[in-house]
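Annotation source TrEMBL lists transmembrane segment at 13-30. The feature domain 'Flavodoxin-like' is assigned by TrEMBL to 78-222. TrEMBL lists 84-89, 136-139, 171-180, ASP206 with the feature FMN binding site. Residues or ranges marked as domain 'FAD-binding FR-type' by TrEMBL: 276-557. Residues or ranges marked as NADP(+) binding site by TrEMBL: ARG296, THR571, SER635, ARG636, LYS641, ILE642, TYR643, VAL644, THR645, ASP678. Annotation source TrEMBL lists FAD binding site at ARG478, TYR479, TYR480, SER481, THR496, ALA497, VAL498, GLY512, VAL513, ALA514, THR515, TRP716.
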Amino acid sequence: MELLSFQLDTFDIAIFIVLLIISLIAIYWFQRKPTLSKPDDIQQTIRNFRIDNGGVKGAGASHEGSFVDRMIHSNKKMVVFYGSQTGTAEDFAQRIAKQAKRYGISAAVCDPEECDMEELQRLIAIDKHLALFCLATYGEGDPTDNAQEFYEWLRENGRDLTGLHYAVFGLGNKTYEHYNAVGKLVDKRITELGGVRVCDLGLGDDDGNIEDDFMAWATIFWQNVCHKYELVINTDGTSMRQYKLVPGPFPVDSVFTGEIGRLKSYERQKPPYDARNPYLAPVTNTRELFQNDCLRSCLHLELDISATNIKYEAGYHVGVFPSNDAALVNRVGELLDVNLDEIISLLNVDEDAQKKYPFPCPCSYRTALTYYLDLTKDAQKKYPFPCPCSYRTALTYYLDLTSMPNTQILKEIAQYATDENDKTLLTLMGSYSEEGKIQYKEWILDSCRSIVAILEDLPSLKPPLDHLCELLPRLHPRYYSISSSPKVHPTSIHITAVIVHFETPTKRVAKGVATNCFKELYMKHQAIGCAQHKEGDTCHLPGRLPIFIRKSTFRLPFRFQTPIIMIGPGTGLAPFRGFIQERHFFKNQVKPQGKPVGETILYYGCRNRAEDYLYEEELNYFVKENVLELHIAFSRDQEEKIYVTHLLKDHGAKLWKLIKEDNASVYVCGDAKNMARDVHSILIDIAQTYGNMTSERAAAFIKDLIQKERYSQDVWS
């Protein structure tokens with residue numbers, strides 16, 4: 001009887017646990033579902049979000065959201081896909097689509113992440129069709145985040161793209177080993193699958209003049225297209241607006257104030273957080289890392305993520321959405337004599353973006369929200385940026401005011417110059433003549449002229465601000481290697497950044513967009529002092545930063561015992577700070593006796609010990625804890641400059657033993673153009689010298705390390 005009673009009790013407990021789990025799931029589900037009790041809120045939601053481009057999720061729907069069907073419906077012949085990490089490839093895609101209008105071609109611009117790329121085969125059914133791919137190569141020969149699925153899909157067996165007319169323009173950087181690897185593979189692969197190449201592969205080099213590369217390729221591309229489809233080249237230079245100005249008034253609750261995606265998303269933050277829905281992170285600590293005598297500045301920032309479910313790993317990147325300097329924004333308003341607080345909207349004149357129904361109608365609000373609307377992506381089809389908003393908001397949060405305008409922008413705004421000399425200059429630089437290229441390089445690139453500088457130096461140039469807003473590129477997030485470990489700082493993300501601040505050849509002060517935001521936060525923090533954290537207050541410092549996490553292959557080995565060799569001068573130290581923290585955590589803080597950790601060796605360099613030695617006390621602490629072996633090169637503390645590359649050469653024998661015999665992993669972070677390239681050459685020399693290899697075998701050995709992910713780079717140019 002006692003046994004039976006025990007079994008019944010156990011059964012009752014099991015039933016109770018099951019019912020409890022079901023109840024919790026039900027509560028979670030209804031909390032996550034959109035509230036449908038307020039029709040006004042629902043209507044606003046439907047206005048703010050677009051149909052899921054991947055296809056309708058409801059049963060019985062076919063090709064609803066298909067990019068091919070949309071092209072057929074709107075009589076488009078050409079589609080331009082972009083794989084973009086920083087926005088350049090997307091900008092080129094938009095420009096090609098705009099140029100297509102001059103040749104009588106209607107083109108669609110698509111994000112491959114939002115399209116069913118299986119549809120490519122159906123594109124062949126469109127007479128005189130054309131698919132163009134503007135694809136950037138990111139990291140170590142990888143596709144950008146939004147092109148990853150398409151890249152993997154294309155490489156699979158069984159694909160058939162016979163008869164697909166296509167062209168590819170790749171964006172890369174020659175300082176990287178895998179220069180334009182993605183563009184090259186896609187171009188080659190589509191040909192293998194039966195595609196018909198309309199124009200030879202174009203390769204843009206960001207280390208040189210990628211604008212020049214793009215314009216040169218675009219000229220050849222359009223010549224080929226005109227020849228193939230018997231089109232007449234239109235040399236008319238008149239403007240062709242893509243958006244039309246829609247003046248207010250607008251309901252107050254429909255106006256964007258800087259949100260990247262969902263309206264009011266910064267007031268009502270909801271996970272998951274990503275590039276389309278960033279988290280507004282409180283900045284809980286800032287401090288200067290350089291010494292007072294140093295003329296430069298490097299800041300350490302700590303971002304609080306305790307109120308979120310955001311997870312990261314050492315070596316990941318944090319994306320930060322910056323805002324333009326208020327003084328710069330005000331200057332635009334002064335130069336163009338515009339009320340920046342006027343609320344406006346820019347509406348796409350493309351009929352495809354103005355479909356009668358955004359999804360199958362009629363239907364219930366619940367059906368729309370459940371099956372047809374993509375609640376994670378901002379509405380970028382109808383608008384160039386979140387609209388409606390004020391000019392001030394657009395110039396502050398959405399548009400890039402500091403980069404140097406491309407030739408297409410100069411060509412478009414030339415018509416608004418009333419002085420003939422000003423108009424002639426802009427028209428020349430907007431052309432693709434040899435003289436125009438030289439003038440563009442000298443007057444724009446070499447002089448670091450932003451759009452604000454151009455407006456100042458050409459006083460007769462007064463473009464309508466709405467047209468300028470249409471032309472300027474979007475302000476994209478800036479990425480930083482996270483300089484902390486989640487094992488030590490699970491609720492905080494650390495950033496280490498040198499403040500960009502320099503004088504241009506025209507005697508103007510240029511500031512980095514994001515680092516200027518960091519500097520302003522630091523100055524405000526200094527002004528209020530170290531305020532005590534109040535109970536319930538998640539941000540006791542003025543200002544927050546919209547952030548999200550980007551994963552990286554730059555990560556520690558799976559085995560703690562594996563030795564690591566870290567090479568990172570300057571702020572290249574950032575991810576290694578996280579690596580070292582993590583190794584110290586496992587060695588000394590994991591109970592009961594810690595874990596055995598392999599050799600952790602850092603080659604770090606800076607100019608002077610007394611000026612720009614980053615995290616000196618912290619690094620010395622890890623050395624004393626027997627976690628870190630530290631080698632430092634102070635390049636300017638003696639007459640003859642010494643860099644980390646000199647130290648690597650001196651330690652060649654030891655490094656070879658670690659790599660060859662102990663299976664050490666090598667990490668390089670910092671400048672791609674010089675340092676990373678020199679380190680790569682030195683590693684080949686070490687393999688050749690101490691491994692008794694030929695130069696060819698040594699190069700192959702280092703390449704094998706890369707393929708096995710034992711040699712990783714996190715570099716920038």
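Positions of Cβ are set from backbone N, Cα and C atoms, glycine also.
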Given the binding-site residues ARG296, TYR480, THR496, THR515, find the one whose Cα is closest in space to the Cα of ASN173 (FMN binding site).
TYR480
Out of GLY87, TYR179, ARG296, TYR643, THR645, the binding-site residues in the record, which is closest to ARG478 (FAD binding site) when you go by Cα distance?
GLY87
Same-chain residues at least 6 apart in sequence with Cβ under 8 Å of the Cβ of ALA136 (FMN binding site), in sequence order, are GLY83, SER84, GLN85, THR86, THR88, ALA89, THR144, GLY170, LEU171, GLY172, VAL182
Checking the binding-site residues ASN173, THR496, THR515, SER635, THR645 for other Cβ atoms within 10 Å of each Cβ, the smallest tally belongs to SER635
Report the nearest neighbour of LYS641 (NADP(+) binding site) in space among the binding-site residues TYR176, TYR179, TYR480, VAL498, THR515, comparing Cα positions.
VAL498
Note: in the chain of TYR643 (NADP(+) binding site), residues six or more apart in sequence with C-beta under 8 angstroms of its C-beta are PRO569, GLY605, ALA633, SER635, MET675
Helix, strand, coil residue numbers for the domain 'Flavodoxin-like' (78-222) per DSSP?
64 helix, 35 strand, 46 coil
For TYR176 (FMN binding site), the number of other Cβ atoms found within 10 Å of its own Cβ:
24
Those residues of the chain, 6+ apart, with a Cβ under 8 Å from that of VAL498 (FAD binding site):
ARG296, SER297, CYS298, THR515, GLY570, THR571
Neighbour count, 10 Å Cβ-Cβ cut-off, for TYR179 (FMN binding site): what number do you get?
17
Quick check for the class: what is the C-alpha distance, in angstrom and rounded, between TYR480 (FAD binding site) and GLY139 (FMN binding site)?
13
What are the sequence-distant neighbours of VAL513 (FAD binding site), meaning same chain, six or more residues apart, C-beta distance under 8 angstroms?
PRO322, SER323, ASN324, ASP325, ASP400, THR402, LEU475, ARG478
Report the member of ARG296, ARG478, LYS641 (the binding-site residues) whose C-beta atom has the most other C-beta atoms within 10 angstroms.
ARG478
